[in-house]
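Q: The annotation region 'Disordered' is assigned in TrEMBL to 52-76. Per TrEMBL, the feature compositional bias 'Basic and acidic residues' maps to 56-69. Annotation comment: TrEMBL describes 91-212, 255-376, 388-509, 551-670 as domain 'MI'.
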Amino acid sequence: MASNEGFLTNEQREVLKIASKNVESLSSSPKSPTSLLSEHIVKAPAGGKGTWGKLLDTDGESHLDRNDPNYDSGEEPYQLVGSTVSDPLDEYKKAVVSIIEEYFSTGDVDLAASDLRELGSSEYHPYFIKRLVSLAMDRHDKEKEMASVLLSALYADVISPDQIQDGFFILLESADDLAVDILDAVEILALFLARAVVDDIVPPAFLTRAKKGLPESSKGVQVIQIADKSYLSAPHHAELVEKRWGGSTHVTVEEVKKKIADLLREYVESGDTIEACRFIRELGVAFFHHEVVKRALVLAMEIRTAEPLILKLLKEASEEGLISSSQMVKGFTRLAESLDDLALDIPSAKALFQSLVPKAISEGWLDASFVKSPAEDGEVPDDAKVRHYKEEAVTIIHEYFLSDDIPELIQSLVDLGAPEYNPIFLKKLITLAMDRKNREKEMASVLLASLHIEIFSSEDIANGFVMLLESAEDTALDILDASNEIALFLARAVIDDVLVPHNLEEMSSKLPLDSSGSETVRMARALLSARHAGERILRCWGGGSGWAVEDAKDKILKLLEEYESGGDVAEACQCIRDLGMPFFNHEVVKKALVMAMEKKNDRMLDLLQECFTEGLITINQMTKGFTRIKDGLDDLALDIPNAREKFSFYVEHAQKKGWLLPSFGSPSMELR
């Protein structure tokens, strides 16, 4: 280069110096080499005789010769190539298509579940639901049936209940698009939705919730209407839906339970482990093997001589991989949770179960972590006392369902002398009521309101519901619509002032986000936020005392107005007694005090005194009535300016007469 400098003009040398400096700074500059050079290279005179021409002159004839000894690859022209960033959701959708196609070819449920589990990205599982169903919709009945069977198998173990519902909602949102490519898409999707309800993987309440989230004119709403009216409302709808696609490989839960019971009894008689394992495999319900475990253990307790055979079968099924570790633990857990009820038929059930657990763990077919579970350790340290309490509680509840005598039940609980187990009583009460008719459900709700006033704290009620929600998934295995019914009990408790809305938030914080319990709390909130929620929820069990609450308010107002205008105190007390709603007498107290303030007539205090003297209104109901007035004083003062002064006078009067606790208004009372 130095030897050529003699041929350059001074201007060209200056240009080269500037260019050299800028080229050295290219690596640290965020700009492209072309733009940077164009900014800094000064213009040189155009080429002429005896010059090199313009420094960056490029004509059509110039080119690089790769055979030139001085060829430098760095001088090759280059261009920046953009790289697209892959979308994880797109990658997931592509991957699940191959899983679904393979499943349609092989019919191997376990392999599909394993592949989906290994794929990861569980947050995208709702899109698996959409892809599976949409692919099956455009195929034969065989694939449609296979898709439904796979959904049942994946439910809870691989795909959470919430994700199943999210997947179906996405399908409903896409119904208009699906109908463009699949002629009878609405009808087919309606059948898939009905099948999901029948298979207990989607709660019936989902239909109502989903309908609210869709445009009224959408095909998704049509799907819900057809599923509800044409399939789920028809006589024998479960059998109709399950056999609609013909040659079903799926059987109902009850049929599976019966087959399991039959094969276990045959096994106990024959002792043929290989044959028993074959029968279990042929059931084709790997997701339901926990029922095999549970029923096998119960049979071992019922027929003591069969225990060695039962343990041999479970060990063999575990070693073959026929019954997975999670299904084995789930079976033991379900049995542990039902031991108290089982003990009514098999008195030694608890002791027998405790002897079976270490055997199973030592032989390696039950995970050692099981012994750390709450169900095995017991709900409280003194297990014998809890067992006795539960037995007594069941007896008390059964007697109440027969007699409808709330005072008698409350006295029985007081006699038990175990207030620390109040949450257990609540759980047992609602669980037993859910498995009965609407009459008992209504009675349970009415009882909760009375218990809250008399002997149960708000914390007892909330803790009892949390226990109920924690076991919601297992309860749903025995009670078809458990989640929906627990949601109604929760909503009813709020309407009856047994719980406050904030309690629902606290319950949610104590439950896993994707659990059935959390979904149940969300359902309860949805029920409470609906129009005319109070009236609907009060009548949710189809009558009983609940329907009368609004009417009772009107009757209370009328009887108080009649008494205030000169009525007889004894007659007023009789009217209150005739209402038959002792848990609602706080409303009498509240309305009586408000009327006394409005009319400036303290005659109402005489009525409250008489009600207290007769034992018609308890001190707890008095306290609740006064508390509700206290909570609403700010609003009340807008209509009655001296409301606060009047209320203070009434409190002092009631405390002197003994029908309001001296501690009323203290911090400890407010916490209560």
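Every residue, even glycine, has its Cβ placed from backbone N, Cα and C.
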Q: Taking all residues of the domain 'MI' (388-509) together, what is their mean pLDDT?
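A: Mean model confidence (pLDDT) across the domain 'MI' (388-509) is 86.
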Q: Count up the helix, strand and coil residues in the domain 'MI' (91-212) according to DSSP, in that order.
A: 99 helix, 2 strand, 21 coil
Q: Sort the residues of the domain 'MI' (388-509) into helix, strand and coil with DSSP and give the three counts.
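A: Across the domain 'MI' (388-509), DSSP assigns the residues as follows: 103 helix, 0 strand, 19 coil.
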Q: In the domain 'MI' (255-376), how many residues does DSSP assign to helix, to strand and to coil?
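A: Split into helix, strand and coil, the domain 'MI' (255-376) gives 99 helix, 0 strand, 23 coil.
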Q: For the domain 'MI' (551-670), give the DSSP counts of helix residues, strand residues and coil residues.
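A: Its residues fall into 93 helix, 0 strand, 27 coil.
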